[in-house]
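Colleague: The following feature annotations were taken from TrEMBL:
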type	residues	note
ACT_SITE	TYR23	active site, proton acceptor
ACT_SITE	HIS100	active site, proton donor
BINDING	ASN74, HIS80, ASP87, ILE101, SER102, ARG111	substrate binding site
SITE	ARG18	site 'Transition state stabilizer'
Amino acid sequence: MKPIFVLNGPNLNLLGLRQPEIYGAETLADVAARCAALADDLGLGIDFRQSNHEGALVEMIHEARDAASAIVINPAAYTHTSVAILDALHAFEGPVIEVHISNVHKRESFRHHSYVSLRADGVIAGCGTDGYLLALRRVATLLAKGG
Ligand code: DHK
């Protein structure tokens, strides 16, 4: 089976350093390692990536059309602004799960709207970095059902 793309948006490269009271102490490399271990248990492959650039994320999603069976995405700030990422996700046919480490609904009102949610099959927010693992479990269920 094709891998699951786990895509991360801007500033998530600073996970563990940036506002740890909101985003926690784990680094993105820690999260990637936990995702890889769970994916192994679930019999899935993952391709874990991060970019600070909207166009780079759009191109990763285009690549996923042929190269991924599902997408788990934390678009970070682009969640709230990017029609381009939404449109790219609309061009991807497999399951899409949107993840936010923090509970965006408990925060500033500009974080309450998500363009990506117009395409996502599921949304996980406020579960810390465990949200990525929950998303992978959900993807495993959806793929087992045939997408
Ligand atoms: C991460 C960010 O960088 C913010 O811009 C989003 C999201 C929330 C998160 O909780 O993972 O608003």
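Here the Cβ of each residue, glycine as well, is placed from N, Cα and C on the backbone.
Would you situate these features in the structure and describe their surroundings?
Modeller: Long-range Cβ neighbours of TYR23 (active site, proton acceptor) (same chain, at least 6 residues apart, Cβ-Cβ under 8 Å): LEU15, GLY16, ILE101, SER102.
The secondary structure of HIS100 (active site, proton donor), as reduced to three states from DSSP, is extended strand. HIS100 (active site, proton donor) counts 22 other C-beta atoms within 10 Å of its own C-beta, drawing on all protein chains shown.
According to DSSP, ASP87 (substrate binding site) sits within a helical segment.
Cβ contacts within 10 Å of ARG18 (site 'Transition state stabilizer'), excluding its own Cβ and spanning all protein chains shown: 11. ARG18 (site 'Transition state stabilizer') falls within neither a helix nor a strand when secondary structure is assigned with DSSP, and so counts as coil.
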Colleague: Please report how many Å separate the Cα atom of HIS80 (substrate binding site) from that of ARG18 (site 'Transition state stabilizer'), as a whole number.
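Modeller: Between the Cα atoms of HIS80 (substrate binding site) and ARG18 (site 'Transition state stabilizer'), the distance comes to 19 Å.
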Colleague: May I ask which residues of the same chain, at least 6 positions away in sequence, place their Cβ under 8 angstroms from the Cβ of ASN74 (substrate binding site)?
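Modeller: Set apart from ASN74 (substrate binding site) by at least 6 residues yet with Cβ under 8 Å, we have LEU7, ASN8, GLY9, LEU12, GLU98, VAL99, HIS100, ILE101, GLY131, TYR132.
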Colleague: When the Cβ positions of the recorded positions ARG18, ASP87, HIS100 are compared with the atoms of ligand 1, which fall under 6 Å?
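Modeller: The ones that qualify, in sequence order, are HIS100.
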